[in-house]
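According to Swiss-Prot:
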- 16-36: transmembrane segment (TRANSMEM)
- 347-367: transmembrane segment (TRANSMEM)
- 369-389: transmembrane segment (TRANSMEM)
- 396-416: transmembrane segment (TRANSMEM)
- 440-460: transmembrane segment (TRANSMEM)
- 472-492: transmembrane segment (TRANSMEM)
- 537-557: transmembrane segment (TRANSMEM)
- 863-883: transmembrane segment (TRANSMEM)
- 888-908: transmembrane segment (TRANSMEM)
- 911-931: transmembrane segment (TRANSMEM)
- 968-988: transmembrane segment (TRANSMEM)
- 998-1018: transmembrane segment (TRANSMEM)
Amino acid sequence: MQVLPPSSTGGPSRLFIMRPVATTLLMVAILLAGIIGYRALPVSALPEVDYPTIQVVTLYPGASPDVMTSAVTAPLERQFGQMSGLKQMSSQSSGGASVITLQFQLTLPLDVAEQEVQAAINAATNLLPSDLPNPPVYSKVNPADPPIMTLAVTSIAMPMTQVEDMVETRVAQKISQISGVGLVTLSGGQRPAVRVKLNAQAIAALGLTSETVRTAITGANVNSAKGSLDGPSRAVTLSANDQMQSAEEYRQLIIAYQNGAPIRLGDVATVEQGAENSWLGAWANKEQAIVMNVQRQPGANIISTADSIRQMLPQLTESLPKSVKVTVLSDRTTNIRASVDDTQFELMMAIALVVMIIYLFLRNIPATIIPGVAVPLSLIGTFAVMVFLDFSINNLTLMALTIATGFVVDDAIVVIENISRYIEKGEKPLAAALKGAGEIGFTIISLTFSLIAVLIPLLFMGDIVGRLFREFAITLAVAILISAVVSLTLTPMMCARMLSQESLRKQNRFSRASEKMFDRIIAAYGRGLAKVLNHPWLTLSVALSTLLLSVLLWVFIPKGFFPVQDNGIIQGTLQAPQSSSFANMAQRQRQVADVILQDPAVQSLTSFVGVDGTNPSLNSARLQINLKPLDERDDRVQKVIARLQTAVDKVPGVDLFLQPTQDLTIDTQVSRTQYQFTLQATSLDALSTWVPQLMEKLQQLPQLSDVSSDWQDKGLVAYVNVDRDSASRLGISMADVDNALYNAFGQRLISTIYTQANQYRVVLEHNTENTPGLAALDTIRLTSSDGGVVPLSSIAKIEQRFAPLSINHLDQFPVTTISFNVPDNYSLGDAVQAIMDTEKTLNLPVDITTQFQGSTLAFQSALGSTVWLIVAAVVAMYIVLGILYESFIHPITILSTLPTAGVGALLALLIAGSELDVIAIIGIILLIGIVKKNAIMMIDFALAAEREQGMSPREAIYQACLLRFRPILMTTLAALLGALPLMLSTGVGAELRRPLGIGMVGGLIVSQVLTLFTTPVIYLLFDRLALWTKSRFARHEEEA
């Protein structure tokens, strides 16, 4: 097949070579636009790829998990299940709290999802309990996303109730108003309230019941409209002393009369200022505190949000008393900034290394300056396009630019080398620039579009992984396009003005020595190539062996999803026996905190005990361990986690589960460990049968560690078995029984105190200090139909049973989540396969379904599409090359280089002990685009030699290989050195960048060595095949 002859008049570069001023000003414009774009771009850890997620929390103090599920969660789930665009709905119903997490499709705007959620809540309102203290509250936040900032508020002079009141009113509300903030939570449970603790014996002796007291309190404290008077000349608003504001006022409240004497609330109860929920507590290090966690909205920029908070914080803290101390314990943006700074440093290092290699090859300062200008100009110009595409400066886009350093210099090198060759032959610089640029223009276009073709499949990757790498692929493609433009405009213009025979011939001792070295290398390569061309079948067997080895390595290499990052923050879950009380759990938490804070890598610790929207049961505690900066500690986060777990194992009666926080959050639940696997059934009974069996087998697998389940069905329950006949005969209804129990043991919110700034609750309960445990039930009294007082024990028996501490649903069906980590000597792929094999051995019934969740599910999806992604990249490149060369054969020759890149990348990953994760796969796809450049440069010149000089195919490819050896070696080394800083990365976020560098460096080294010999052999093989095919067709035509 024929290709278009290269122009000797400069081609598309002619206009720019002949008009240097216009070309210079055009490049200055690109430079200024890029600088302005860089300053305007936001900074983040990763591209914003969050699923639209909304959390709905409903609190119903005193309700059991079963009541929460049936009375609150189920009605809401039925309404939410009808929403369009809903991807997944999970819920957790625990004692007094229902948390529903709604994850929507990526294409659905968060504001639209918010409107649908509000409409669903409104539709479910009439189905919820009438005495629900507050309606369901939704937040635009992913509960599994770690807080962007954690603050601890402490005071040595003020009670925690006053501290929380001030913080909630003066600080939390203001922070909630900041753009990008999704939720501000105050952990510690010290919200002010008036607590009424009834003396059961006292009210029994007076013939009263708790319901009598509750009715008296609710009737005595009201805040409703009273109207106004409108006279002939004046209007008067009516008001009254219907509100009671303090504990003293409640203490004086008359609740009944006996023999004409008043019975005041203080006579039968202890009334005091206290906390609304006494079973909640938070600590910062070892000090009781109010812990403020700030979470961002899905899609919000974490850096700008945190900057806004820090800017406002001094003003907010000034409004607090001096005895109140606000401490920032963690700020995720600190590590994000450090990671981005390290990546920017590696980008600058890559540019410096690339320029150094250029000088090593060209041995000429003017010739080195030209690509030294082209490289930063191409990269800086990319920022201008990124602004228009709403991208950000993040680890992936900076990685793309770092890799692009090796790409964009290739075009400039090829142009300079070709123009320099003509100048050295005696051509005038201007004529050489026109001739050299015209000759190489088609090659530049081929290189550019075939490389961009490799990136096209990345743009069509589905789900969150596709969104994640879209910015990477487009940023890299834009840099390559700008590089091609610069190489066809600025580079030849500068060559025509800066290069000359004198400058190129001017040599020093270094240049003469390096010239001799390169001449010897080229001569040695020529001798080796001649031998290889004489033994083509041996070379072909090597090429086929690399293809087979690539397949074998692909099958056996450990596979992962996303590198585990060291962001300096560890999330933890502390688990105690299921019957543990709040006091018992708080004591255990303090023991564990003492152990953790002794570790030299730990900077601070926050912990929380109690049941709320984030913690499902009293026997668990949430921990956040903040590590010292990476340069102030000796070990990475995984070693710190292992050390902490070993230390905490010595604390009796608790299990500690730890996992490092990650920039990429795909999960919607706060789990104990990194990976999740769910078991779903149509009933809780089915789960209770199969969960223990599966857990027993999974805990024996060496591929898994820290295996745990959120299935807790051994919570103690005091079951009140009422004799309904006896109760009915006395005129006592089940509602009366429930009310009596709720009044006594539910921390019941019975009334509201309204102030100008806030609202506070009146909490009713029995004082159980003298009657702990089940004995407190003997003090319950009910009112019969004739007004008499009836002990609960006369109509009911108390049975001790077991029940789940929380009930979880996934898409409205009961589910349990099994969490696990992966040991160091295994990969996530090994763990997933082991779980699937174990599941098959159990023969689960058809009503039991299993599914991986979060990052494990994303891993399966990414792994399934990886092969097709690579195939798509190869096909896309074949189509582009076929169109450019007008040939079916030459693209195959070019693509024959790919297995060598795969072998090199996979071997490098194995040697380095890295998994084949999505970052490494991106590196392999980029290698597909890089290594074919060698073949393109060889084939272009071989075809031109055959066409213009009448050489035989063997002579043409031999001369092309020797002629293009130096630029091939130079461009490969430039790409290799561009990836080298990533491979050697050790700073913050290095775990994310290193697999890309390792794969690319390994692939480039192996492919460079092999393709210099295999490509010419395959070129000649296909040439002979084409001639044989033509002769066969010609013979058939003659016979016909």
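Using N, Cα and C of the backbone, Cβ positions are placed for all residues, glycine too.
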Sequence-remote partners of the transmembrane segment (863-883) [C-beta within less than 8 Å, at least six residues beyond its ends] = 446, 449-450, 453-458, 460-462, 559, 829, 890-892, 894-895, 898, 921, 924-925, 928-929, 932, 936
Maximum Cβ pairs under 8 Å to the transmembrane segment (911-931) - stretch from the list 347-367, 369-389, 440-460 = 440-460
Surrounding residues of the transmembrane segment (440-460) on its own chain - C-beta under 8 Å, 6+ positions past either end = 3-4, 6-7, 11-13, 407, 410-411, 414-415, 418, 466, 469-470, 472-474, 476-477, 480-481, 483-484, 487-488, 869, 872-873, 876-877, 879-881, 884-885, 894, 922, 925-926, 928-930, 932-933, 936-937, 940
Could you tell me what the rest of the chain brings near the transmembrane segment (968-988), counting residues at least six beyond its ends with Cβ under 8 Å?
-> 335, 338-339, 342, 345-347, 349-350, 353-354, 356-358, 361, 399, 402-407, 409-410, 413-414, 417, 566-568, 630, 923, 930, 933-934, 937-938, 994, 996-998, 1000-1001, 1004-1005, 1007-1008, 1012
Taking 16-36, 369-389, 472-492, 998-1018 as candidates, which has the most Cβ pairs under 8 Å with the transmembrane segment (396-416)?
-> 472-492
